[in-house]
Amino acid sequence: MAVILITGGARSGKSKRAETRARAFPGQPVYVATAEALDAEMETRIARHRARRGTDWIEREVPLDLVPALIASDGGGARLVDCLTLWLSNLMHAERDWEHAVSELAAVLPRLKSSVVFVTNEVGLGIVPDNALARSFRDAAGIMNQTVAAAADEVEFVVAGLPMKLK
Amino acid sequence: MAVILITGGARSGKSKRAETRARAFPGQPVYVATAEALDAEMETRIARHRARRGTDWIEREVPLDLVPALIASDGGGARLVDCLTLWLSNLMHAERDWEHAVSELAAVLPRLKSSVVFVTNEVGLGIVPDNALARSFRDAAGIMNQTVAAAADEVEFVVAGLPMKLK
Amino acid sequence: MAVILITGGARSGKSKRAETRARAFPGQPVYVATAEALDAEMETRIARHRARRGTDWIEREVPLDLVPALIASDGGGARLVDCLTLWLSNLMHAERDWEHAVSELAAVLPRLKSSVVFVTNEVGLGIVPDNALARSFRDAAGIMNQTVAAAADEVEFVVAGLPMKLK
């Protein structure tokens, strides 16, 4: 059992890397999508990811209740959660207590039997955003990434499709 | 012969690093600028780069037709292409098929006799941009960087003037 | 004596890492804050940093005159300067000559007796900002980071709370 966090920028090859890592564990892999197909841009992205992944994955759509979903699918193949930043954004839009949800996630990880590979985004390496909501989101994403990284066995930072080992 | 990709953020020292790498190959180096001096900000930047580089470079201005230019200058010293993100931006503004151009570039690289050092930018590590055009551009830049990195012999990520070896 | 530069994105764990590094030197550590508590968002951030650091630090508020402050506090414990990007922003708002100030800082570093740990931000890895002022700032920050990194004994890039050694 291992908890792996794959972080990086937009279109850096994070999902592909995470798929490779998840497939390397025994059992049928489970794809936990935090995205919902709410608009055309998102639908296209989801369809492209699915086409690359292939059809041998169990698929779950989990926009909010990630911890119960990880517990429910525990004991089988590795779970690939793609991605944590979208989960965070969903929590914030739904006015859930994201800090509590992130702590709960970090707390449950050591107790899981099956491996989990998380995809997340680095969003804090640009200029400070003008609007306060974007600033709150990048602060929250940074805290979430630090929290999950601290609880993970391995952390990789992907740039141009190439992973750097952070932990 | 080697294909080297130097990536990093704005003003991270990418161009300087790429110049050092290109000069290390035998022969007179060729500077392939994808920038055109269209406004004062760009003119200043071009002049500053030229002053640092020195006058011993062959200079070419290639905003769009990069593959033919690499073939035409093949057989001499190393080519430094500065930079791929601007080339991509030029292709998009000219309504060229950038995906085809990027594939064509990746395909020609293994057949070249002279070395090529590419400079590119990481643009996907900030908050998701508000406007759809900026989102398309950062997606395209990410795909281009992954494609060229896969075809390159070496990839470096430069932060604060210091290179990290990715490949 | 050592000069250490800790760089990274927003909420990447830079300050915490810098505190750990500064505490490892003998003597009472000095916290040099470049932030001024001008609004509620900043006040909250300052209070949170102080709560984590503990009360055993000498505290200085130095929004502009960093070089004299480093000379004045020299000879005791390590100084933690948090952060250089805010110092740069303060210099620019006060219409000081930031290029001169950065050169002066780099020049004084080898002559100091006590160690200094600098925190800075990477701000150039997102999409090119629309407004010219933001573009100037990210260019200036990149130049400052390269200059201080060149003068430092050690440079670390922090992602998700995990340091990568650059130098």
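Yeah, the Cβs are placed from backbone N, Cα and C, and that goes for glycine too.
Whatever TrEMBL says is automated annotation, not expert-curated.
Taken residue by residue with DSSP, C:His49 (active site, GMP-histidine intermediate) is part of a helix. The active site, GMP-histidine intermediate feature in TrEMBL is assigned to C:His49.
What TrEMBL records for C:8-15, C:33-35, C:50-53, C:Glu61, C:Asp82 is GTP binding site. Taking all protein chains in view, 27 other C-beta atoms sit within 10 angstroms of the C-beta of C:Lys14 (GTP binding site).
In three-state terms derived from DSSP, C:Lys14 (GTP binding site) belongs to a helical segment. Annotation note: C:Thr34 (GTP binding site) sits in a coil segment as assigned by DSSP.
Cβ neighbour density within 10 Å is lowest for C:His49 among the recorded positions C:Arg11, C:His49. Mapped onto three states, the DSSP output places C:Glu61 (GTP binding site) in strand. Residues from the set of recorded positions C:Gly8, C:Arg11, C:His49 situated with their C-beta under 8 Å of a chain B C-beta: none.
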